[in-house]
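Here the structure comes first, spelled out in structure tokens, and everything after it is commentary.
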Amino acid sequence: MTETTKTHVILLACGSFNPITKGHIQMFERARDYLHKTGRFIVIGGIVSPVHDSYGKQGLVSSRHRLIMCQLAVQNSDWIRVDPWECYQDTWQTTCSVLEHHRDLMKRVTGCILSNVNTPSMTPVIGQPRNETSQPIYQNNNAPSKPTAAKILGKVGESLSRICCVRPPVERFTFVDENANLGTVMRYEEIELRILLLCGSDLLESFCIPGLWNEADMEVIVGDFGIVVVPRDAADTDRIMNHSSILRKYKNNIMVVKDDINHPMSVVSSTKSRLALQHGDGHVVDYLSQPVIDYILKSQLYINASG
């Protein structure tokens with residue numbers, strides 16, 4: 001498959017990120033590497049979406065702190081960003097709602113075809129720009145080669161990086177604004193783009209807990225969007241999926257990353273990180289990046305069991 005016929009993917013991870021760990025970042029990297037190796041996908045971006053404060057989880061520190069820690073954790077990444085939309089809503093949002101928000105938003109700001117897993121575009125190729133006279137923001141006068149889908153969407157991201165949402169005292173975060181004026185950005189209507197939910201096997205297993213998830217939401221998440229699962233602690237994902245009728249029904253929409261099952265980051269968790277911080281355990285440097293640790297110590301977070 002050529003670059004233009006592959007499905008372009010944005011990986012979206014929802015969660016508490018309380019705090020965000022090296023394991024979370026490695027989850028993105030492992031998922032991207034795995035999808036690229038299949039030869040069917042090009043991952044063009046990753047989104048970290050921390051949960052709203054009203055989620056009510058014990059020990060959950062405020063979104064103000066969690067957003068800043070997430071931003072510090074991805075500051076050196078050229079493809080993963082933090083999106084505060086979920087935190088800035090009036091109340092907690094379901095995972096399904098967050099996925100739908102980003103799907104609808106990307107439709108508006110990129111002009112791309114965003115396909116459901118079960119209804120892929122029949123012509124996943126780059127179309128013609130609507131405005132052939134405008135100077136595209138991706139154009140390099142010294143390199144007049146044809147732009148690729150990934151380059152186009154990458155430059156859309158650069159344009160949007162100037163659009164920030166500011167809510168004092170939270171620092172500035174770049175995110176996609178549905179009211180953004182993209183200026184001379186060319187819109188290509190026939191790039192097949194999907195937003196996939198990225199998660200660990202623990203979230204997948206939670207789908208099997210009766211009453212925890214709304215079944216209609218599960219149908220949309222797994223049936224329409226699709227999931228990329230990065231197993232933790234050598235979890236048996238086949239066994240997990242067999243315990244849910246919806247997961248069995250849409251098993252072809254669930255991609256399990258099969259790389260090194262003994263990956264050192266697969267055992268890292270936010271819970272272990274909080275415990276290490278509370279006990280002064282030096283192993284915390286194995287779990288969290290140094291900028292995140294520095295911020296936690298400066299802000300005196302997770303000092304006691306209540307967060």
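Along the chain as shown, residues are numbered 1 onward.
Every residue, even glycine, has its Cβ placed from backbone N, Cα and C.
Under the three-state DSSP scheme, Ser16 (NAD(+) binding site) falls in the coil class. Ser16 (NAD(+) binding site) counts 16 other C-beta atoms within 10 Å of its own C-beta, drawing on all protein chains shown. Sequence annotations record features per position, and here Swiss-Prot assigns NAD(+) binding site to Ser16, Phe17, Trp92, Thr95, Gly200, Asp202, Leu212, Trp213, Arg232.
Residues or ranges marked as ATP binding site in Swiss-Prot: His24, Thr271, Lys272, Ser273, Arg274. In this structure, Ser273 (ATP binding site) is part of a helix by DSSP.
Among the features that Swiss-Prot reports, S-palmitoyl cysteine is placed at Cys164 (among others).
According to Swiss-Prot, the S-palmitoyl cysteine annotation covers Cys165 (among others), on the basis of similarity to another entry.
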Cβ within 8 Å of the mean position of the Cβ atoms of His24, Thr271, Lys272, Ser273, Arg274: remaining residues of the chain near ATP: Asn18, Pro19, Thr21, Val268, Ser269, Ser270, Leu275, Ala276, Tyr287
Candidates Trp92, Gly200, Arg232 (binding-site residues) - the one closest to His24 (ATP binding site) by CA: Gly200
Distance, Thr271 (ATP binding site) to Ser16 (NAD(+) binding site) (CA atoms, angstrom): 11
Residue among binding-site residues Trp92, Gly200, Leu212 with Cα closest to the Cα of Arg274 (ATP binding site): Gly200
Largest CA-to-CA spread of ATP binders His24, Thr271, Lys272, Ser273, Arg274, angstrom: 15
